[in-house]
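Below: one structure, written as structure tokens.
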Amino acid sequence: MVLFVLCLGIYSVNVLGNALLIGLNKLDPRLHTPMYFFLSNLALIDICGTSSFVPLMLVNFLETQSTISFPGCALQMYLTLALGSTECVLLAMMACDRYVAICQPLRYSELMSWHTSMWMAALSWGAGFANSLLHSSLTWSLPFCGHNIINHFFCEILAVLKLACGDISLNALLLMVASAVLTLAPLLLIFLSYVFILTATLRVPSAAGRRKAFSTCSAHLTVVVIFYGTIFFMYFKPKPKDLNLDKLIALFYGVVTPSLNPIIYSLRNAEVKAASIALLRGDLLSRKMSRFPVVP
């Protein structure tokens, strides 16, 4: 019951906070920029990613025996892997957007047009779901003839592969390659982008200009550190003797981290805070309604 209440509260913060970010992006014209378009995509990924396994996990906290159907497990594994991969690529796209905004400000509207932003977002979603389709297809083509107890709180791909009776060397190899391509490559791109951003920011003559440049990147950089930090801690740490530690880390990565994103962007972004205040005052809704006058 303690875990149920705790996870339900964190999940509620995640859904409400990320839904608020998406709503603010739609209502406030000042947020109709590529940066906030990518942020809305990130918020949607966080909502869908946690919703793919948290509701069933909450139900299982109240049950004496936790079960999931075979199709449900296949769908859950596919969605969690797809959305996690998509977020890795999307964070790299957001870093590229910040690089163009700070290092090429005069050409920003040209280089980061809505057409380009849509293609970058589509590439992120397409790469994530194609990667998950490949691994899911190979995983469920394996023979499963032993026990059917998954030692995890959701159908995580590594936990499912442990139940297979056949040779999983090909699956392990492809997972390693995919991790390098979809995790290390975006992280390298993010690192290079921020090296150029830092170099360009230090050249800004005014202190106010430097603070503004840093403030536009600090929220995204904080999200990157938390997201990749938990990934590396989960997959690249020494193998623990207690498997429950892996579950706790995965719970933090899958449930807590997505809930931090809207808090980070709300506290560290002046435009999001201004839009939130305008929404609380009713200004955003009144401006939205004024665009649709009622003709008697």
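Cβ from N, Cα, C; glycine included.
According to TrEMBL, the domain 'G-protein coupled receptors family 1 profile' annotation covers 17-265. Per TrEMBL, the feature transmembrane segment maps to 6-24, 36-58, 78-96, 117-134, 140-161, 173-198, 218-236, 248-267.
Taking Cβ pairs closer than 8 Å, the transmembrane segment (248-267) reaches residues 7, 10-11, 13-14, 17-18, 20-21, 39, 42-43, 46-47, 49-50, 53-54, 80, 152-154, 156, 219, 222-223, 226-227, 230-231, 233-234, 273, 276 in its own chain, all 6 or more past its ends.
Regional average pLDDT for the domain 'G-protein coupled receptors family 1 profile' (17-265) in the model is 85.
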